[in-house]
Each structure stands twice: as structure tokens, then as C-alpha cells.
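Colleague: First, the structure itself, so that you have it in front of you.
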Amino acid sequence: MSTTITVGTDEQYDVTIGSGVLAQLPAALGEKVSRVAVVHPRTLRALGRTVSQQLADLGLRPLLIEVPDGEGAKTAETLTMCWALLGQAGFTRSDAVVGLGGGAVTDLAGFVAASWLRGVGVVQVPTTLLGMVDAAVGGKTGINTAEGKNLVGAFHPPRAVICDLDALRTLPHADLVAGLAEVVKCGFIADPVILDLVAADPAAATSWDSATLRELVERAIAVKAKVVTNDLKESGEREFLNYGHTFAHGVEQVEQYTWRHGEAVAVGMMYVARLGELAGRTPPELVARHSEALASLGLPRTYRGDRWPALIAAMGRDKKNRGDLMRFVVLDGLAKPGRLEGPEPALLEEAYRLISE
Ligand SMILES: NC(=O)c1ccc[n+]([C@@H]2O[C@H](COP(=O)([O-])OP(=O)(O)OC[C@H]3O[C@@H](n4cnc5c(N)ncnc54)[C@H](O)[C@@H]3O)[C@@H](O)[C@H]2O)c1
Ligand SMILES: O=C(O)C(=O)C[C@@H](O)[C@H](O)[C@H](O)COP(=O)(O)O
Ligand SMILES: [Zn+2]
């Protein structure tokens, strides 16, 4: 049994969720496609070969592109390597890219598709929880630069997103848990039932094949689908999906991408909950709820106390900022996101002290 969530208004696409739905990939590519570049991380080499063989058996011409695991995929070097392989293969506008992997690979593959010949089709096949509930949906694509996270990219919605829950069988537990940070984020900004489900049974929430996790996946995708349908290019409510991310991206950069994105988002939500509280916006009981939810899943809530100069410099490059004005997403209540603009530097540092180890 699969579930379908439709995203977009003008150019719609489906997110299909279920066990065994990877078989729907050829149909999702569309009839006119000939060559298919399957971008996958090193860890998924065997799955890449299986998918490639299935496409070849149907008369398509697959091109396997193996990239580094994790953030190593989201570099200018890897992007250049992908462009070279597409150029050598004579990849045309009727061909398509498949992003088969976690969020790092779907971000890269999406940007390869966005930039090649000024835009070819991409079908996203996320294989991590985080990729399914967040990265593969919504068309944000891109890479990192030395100056920060996701600083180069494009909005390029996929033709389809295929979330085969069977992929989660091999996902390391820590990566599954990290993905739950983005799920919990959706709970805080839009769908409190998510928080109730996690609180009721954290063990089920962290089991790859549980009914609870499936419901969490569907609810989180529904939150994201609704927001990006209304505001693809982040001129309004899409910013709310960035809850916790100003601090999180700083942590990822400062830690040289040794922290998982979801772990950084967990600490980032704790930071901005404290910041919202200091600004008189976020009620203290809601801050406590952040702590409870994250602790129940084993996600981090604190960060080392000796990194402020590097963190504030990184936060100064956040995409939500406008000129010298720093802008944050804070909660005015449960499922009531709003913006905090230009907080005093002392307040920013005080919030950091409150979550420091
Ligand atoms: N575009 C967006 O809207 C958006 C949203 C959220 C996050 N992101 C980005 O997503 C990235 C994080 O994604 P992630 O958490 O999926 O991490 P990831 O892509 O780095 O994957 C984590 C690890 O799991 C491995 N892996 C993937 N699938 C596997 C499987 N089925 N079995 C075993 N191993 C597997 C990967 O190779 C990698 O080593 C970050 O770069 C973040 O910025 C983007
Ligand atoms: O889809 C969005 O919009 C998000 O902000 C989702 C985030 O979880 C995601 O990490 C995104 O990549 C962050 O985008 P950025 O614009 O802050 O780089
Ligand atoms: Zn994120």
C-alpha cells in the first residue's frame, strides 16, 4: 500500500511513500527520457547497480555517477565531475537525472539537473529518513562553499519523489534518529500531532519499519508539501521550514561537517527556542517541550561553549538575513511560527550560553 502526496500548483509532482515503490521509478521518469544519470553515494553502490540494471532492462541508457558519502557530495569538485560525465555522455535536454541517496545526494543531484543545459528533469529517490521527509521534497538544491552551507544552489522542483521505506532497513540508527529532528521541527512549526506520536512511543518512532514512523513520515511530508506549494521560492512562509537552521548551519560549518545535519538542527532548535524565550516570544513551557522531545529521541540539546565567534560569523551569512539585519524564525506558541528581526547581539550570545555545555 502506498500513499501519494501532491506538491505544487502550476507544475505538480507526486511524492510516493511506501514499501517497494522504487519499482515506480521508470514510469516517474516519463516516456521521452533516454539517458538517465543515477547519482548515488559510495555506500549505495550495490543499489545503484541494481537500479541501473532495471533501467537498462527497460531499454533506457543509465549512467552511474558515484559521489562521496555525506557532505563530500555537496562540493564544487563533485559538481564539476558530474558535469564532465554528463558532457562526455552527450546528455541532452530529453535525458534525466536520478538522485538516489540521502539529502546530500538529492541536493547535489537536484543542482546538477538544475544547472545542466540550464535545467533537465530530476526524479528524487531519497534513501534516508531525512531525505524522504525533507531534502528530496520542495526543490531546494545546492552545494556548500568554504564560506558556508548551501550558499550556491537553485530552486528546481523534481518530476517525482519516490520514498521507498524499504531503503531505511540499512540506514544506520544514528542517521534515522537525525532525520527525526526535521520531523520534530514540522511538529513544532505546524503539526503538534507529530510531537504527541513521538512522546507516546519514542521507541516506535525510531524503528524503521513501525507504523508510527510511517505516520510521522507522511505527516512531515504533508507539512513540507503544503508550505512549498504556497511558497516555492521562500518569499514568505517557506522560511518557517528553516526553524533552527541559522544556528544549525553554523554548527555544521564550525564542526567541518562531522555533525549530522539533523543533529545540528536539534541543537539549533534548542538555541532558537531559548532565543525566542529571551525575546519574550516563546513560552517557557514550549522551550521545555523542545528539550523533552529531543531528549526522548536521543538527539543533542547542548553545544560546546567555546565557539561563539565562529558561530556568529557563520550565522551572519544565513540566507534569511537582509543586509546587516539578522532574521530568525521563532515560535510565538505551538505551531505559531513568526520572525524575530535584528535581535541585540547580547541576546544572541545569551541564548548560546543557555545551551552551552
Ligand atoms: N534541500 C532541502 O530542502 C534539504 C532539507 C533538509 C536537509 N537537506 C540537506 O540534506 C543533507 C543531510 O541529508 P541526510 O541526513 O540524508 O544525510 P546524508 O545524505 O549525508 O546521508 C547520511 C549517510 O547515510 C548514507 N546512506 C544514505 N542512504 C542510506 C541507506 N539507505 N542505507 C545506508 N546508508 C545510507 C549516506 O551515504 C551518508 O553516508 C544536508 O546536506 C542538508 O543540508 C536539504
Ligand atoms: O525546505 C526548506 O526551505 C528548508 O529550509 C528545509 C531545511 O530543513 C533544509 O535544511 C534546507 O536545505 C535549508 O535551506 P537553506 O536555504 O537554509 O540552505
Ligand atoms: Zn534541514
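Numbering starts at 1 and runs along the chain as displayed.
Backbone N, Cα and C define each Cβ position, glycine as well.
Sharing the features that TrEMBL gives for it:
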type	residues	note
BINDING	69-74, 103-107, 127-128, Lys140, Lys149	NAD(+) binding site
BINDING	Glu182, His245, His261	Zn(2+) binding site
DOMAIN	65-176	domain '3-dehydroquinate synthase N-terminal'
DOMAIN	179-321	domain '3-dehydroquinate synthase C-terminal'
Colleague: Just checking, which of Asp69, Asp107, Glu182 (binding-site residues) has the fewest C-beta atoms within 10 Å of its C-beta?
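Modeller: Minimum Cβ neighbour count within 10 Å, taken over the binding-site residues Asp69, Asp107, Glu182, occurs at Asp69.
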Colleague: Among Lys149, His245, His261, all listed as binding-site residues, which has the most CB atoms within 10 Å of its CB?
Modeller: His261
Colleague: Which binding-site residues are spatial neighbours of Gly103 (NAD(+) binding site) here, meaning Cα within 10 Å, out of Glu182, His245, His261?
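Modeller: For Gly103 (NAD(+) binding site), the binding-site residues whose Cα atoms are within 10 Å come to His261.
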Colleague: Cβ-Cβ under 8 Å from Glu71 (NAD(+) binding site), same chain, 6 or more residues apart: which ones?
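Modeller: The answer is Ala104, Asn144, Glu252, Tyr257.
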Colleague: Within the set Gly103, Thr128, His245, which binding-site residues show a CB-to-ligand 1 distance under 6 A?
Modeller: Gly103, Thr128
Colleague: Among the binding-site residues listed here (Ala73, Val105), identify the one with the smallest other-Cβ count within 10 Å.
Modeller: Ala73
Colleague: Where does Lys149 (NAD(+) binding site) sit in the DSSP three-state scheme?
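Modeller: The residue in question, Lys149 (NAD(+) binding site), is strand (DSSP, three-state).
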Colleague: What binding-site residues among Asp69, Ala73, Val105, Asp107, His245 have a C-beta sitting less than 6 Å from any atom of ligand 2?
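Modeller: Listed by sequence, the hits are His245.
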Colleague: Looking at the binding-site residues Glu182, His245, His261, whose Cα is closest in space to that of Val105 (NAD(+) binding site)?
Modeller: His261
Colleague: Just the number: how many Å between the Cα atoms of Ala73 (NAD(+) binding site) and His261 (Zn(2+) binding site)?
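Modeller: Between the alpha carbons of Ala73 (NAD(+) binding site) and His261 (Zn(2+) binding site) there are 14 Å.
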